[in-house]
Amino acid sequence: DRQTLVAVLQFLRRSNLRESEEILRREARLLGDDLGGSVATVATSSPGVAAVAAVPPGKGEARGGCGIGSSSRQESRKVGNPPSSRTTHSGDVSVGGAVVVEDQPDVSAVLSAYNQQGDPTLYEEYYSGLKHFIECSLDCHRAELSQLFYPLFVHMYLELVYNQHESEAKSFFERFHGDQECYYQDDLRVLSSLTKKEHMKGNETMLDFRTSKFVLRISRDSYQLLKRHLQEKQNNQIWNIVQEHLYIDIFDGMPRSKQQIDAMVGSLAGEAKREANKAKVFFGLLKEPEFDVPLDDEDEEGENEEGKPKKKKPKKDNVGSKSKKQDPNAPPQNRIPLPELKDSDKLDKVMNMKEAARRVRLGPECLPSICFYTFLNAYQGLTAVDITDDSSMIVGGFADSTVRVWSVTPKKLRSVKTAADLSLIDKESDDVLERIMDEKTASELKILYGHSGPVYGTSFSPDRNYLLSCSEDGTVRLWSLQTFTCLVGYKGHNYPVWDTQFSPYGYYFVSGGHDRVARLWATDHYQPLRIFAGHLADVTCTRFHPNSNYIATGSADRTIRLWDVLNGNCVRIFTGHKGPIHSLAFSPNGRFLATGATDGRVLLWDIGHGLMVGELKGHTDTIYALRFSRDGEILASGSMDNTVRLWDAVKAFEDLETDDFTTATGHINLPENSQDLLLGTYMTKSTPVVHLHFTRRNLLLAAGAYSSQ
């Protein structure tokens, strides 16, 4: 067909094979004029862009033919990869082998980023031309194509700065920065301070912006429209940026609406590629070990004395039956090695089951009571809180680098006796565990000294023998709750560590920090076992999945990632928050993840399908705490706006639309109004909420430091 001929003729002309060109033209009865315009563009533009503008779009596109850009398969190919390794998306026609030779010279000639010197005075014209075109396009395409404004604006500005056209850069910035979406304000502030080429070298955020491709998800119709426009206008400068720096994830089907796009965009690198959320995730729970415990007899007697045995019966079954059958979505039991259960752990599990039997069933009609722990006179600046699973101890991390542990039951905190005293104890006696404790040390509060900077994260081990703390000093410390001394300092992060958390099974823990990676550790190793790299900014919070096979990390790049502990791979990337993420919570059944950020929104995610399934609006400030009730009926959120809010989690997750089309294209339809899900709002006088915890009987504990402003 004609397009292929044009491409071949251009190739011959570039290779100076005039005779062959003439013969072919005579054979095909193509006159010189037909090629005039298109060949001229080859001569003037840089070799990397050759002939992109030459081909009129149309039915020849799937063939590949000429230049870098004319194939719709370019979407899934990084410029510079060998063409043979290219993948084709469904719906594309792939033509094997035939094209390979042709586009190799072009790909190899692509110059380094930002070196293509366009005429600096025309940048504003290019941008406003594109802006005019998008604003005048049909409504259905306008929303999708508007996503281009921000990445193009940033790259064109950086290109001007990099090539030292400072005054043009300044006027370009001033003219168009007001058109960008409100959620990019912080990034634009950083950008406005980069006015010289030297500034770009040290700025990590901008380095990332240059090296990672900004992902846009656009329907095929909108993409064809854009491409046709750029090629008719021969707007090479913009087309180059689209080629070099953007990854356009094209899907077949209806274009998305403004609301659907707004829900998903806003992160530092655009949306997640759909491919990123396709891997299988074992989100089910591991089978609970079975015990031979005389659970029932004692319990029944106890209950009878209180005179209300009836409550118990129906619930007994569901506690016992949990461990019977394996969850089909669960990972194999031995997928990652987990520590053996000690006798004390088994006892604790039994206690847990007894408590669970007396647990209150929460719901819209039965909301939990909330007990708020206010830290008064915390002039040291409370920066982190954690509460043990059995709700017996509470720990605070402070800006004066101390870690303080309180007992919240009448039982005081005691250390183990000294070695000399321990040698005198009869090890065979029944109450040996009591005897080793030194009564003289009993107190409600223990202060742990060791860090040399503010403590940003704390976490109790499930067996309550250990405590983790992480700090601005770049270390994570492991403390013994038997002796209240520091056992290990883990050094791996070179910068502040923002969060740390023990695995639900103990032994493993995770930390995340300013160096933009999360690390997985085991208590008995000095070095991390896994390093999870991929975020483009600080890792601000970390959470283990209930089955301990996955770790979720939230970051200041406004994305949440889910990592596989087994191999360190990133298996999910969730975008949609408009500010740094500060809280994460998995639902008790392991299927869903709730995330909170500085934008005051709680987003809900379906882990198996890799989709956003809900948005809870109501908070007016950063959300620092999220917790599901023990059976997952209620989600509690705590924020800097001094409120705790309770949401109906059952209703939020029922009737989810996760059909194949939605998962394939990411067309999510969030309910308009999240107020139907809000069950209650509880104000404190002047205390931001930094931690939430449901006791084993579903009493909600909240904590924060009173602020007098």
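Glycine is no exception: its Cβ is also placed from the backbone N, Cα and C atoms.
TrEMBL labels come from automatic prediction, so no person has curated them.
Among the features that TrEMBL reports, region 'Disordered' is placed at 55-93 (among others).
Residues or ranges marked as domain 'TFIID subunit TAF5 NTD2' by TrEMBL: 118-246. Regional average pLDDT for the domain 'TFIID subunit TAF5 NTD2' (118-246) in the model is 83.
The region 'Disordered' annotation in TrEMBL covers 293-347 (among others).
Taken from TrEMBL, the feature compositional bias 'Acidic residues' applies to 293-304.
The annotation compositional bias 'Basic and acidic residues' is assigned in TrEMBL to 316-327.
What TrEMBL records for 375-416 (among others) is repeat 'WD'.
Mapped onto DSSP classes, the repeat 'WD' (448-483) shows 0 helix, 19 strand, 17 coil. Sequence annotations record features per position, and here TrEMBL assigns repeat 'WD' to 448-483 (among others).
What TrEMBL lists as repeat 'WD' is 490-521 (among others).
For the repeat 'WD' (532-573), the residues of the chain that approach it from at least six positions outside its boundaries are 204-205, 208, 212, 266-269, 272-273, 276-277, 279, 281-286, 330-331, 335-336, 338, 498-505, 508, 510-514, 516-520, 579-586, 588-590, 593, 595, 597, 605, 607, 610, judged by C-beta separation under 8 angstroms. TrEMBL lists 532-573 (among others) with the feature repeat 'WD'.
Secondary structure of the repeat 'WD' (574-607) per DSSP, as helix, strand and coil residue counts: 0 helix, 20 strand, 14 coil. Per TrEMBL, repeat 'WD' is recorded for 574-607 (among others).
Annotation comment: TrEMBL describes 616-648 (among others) as repeat 'WD'.
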Tally of DSSP helical, extended and coil residues in the repeat 'WD' (616-648): 0 helix, 20 strand, 13 coil
Helix-strand-coil residue split for the repeat 'WD' (490-521), DSSP-based: 0 helix, 19 strand, 13 coil
For the repeat 'WD' (532-573), residues assigned helix / strand / coil by DSSP: 0 helix, 24 strand, 18 coil
The domain 'TFIID subunit TAF5 NTD2' (118-246) - residue tally per DSSP class, helix then strand then coil: 102 helix, 7 strand, 20 coil
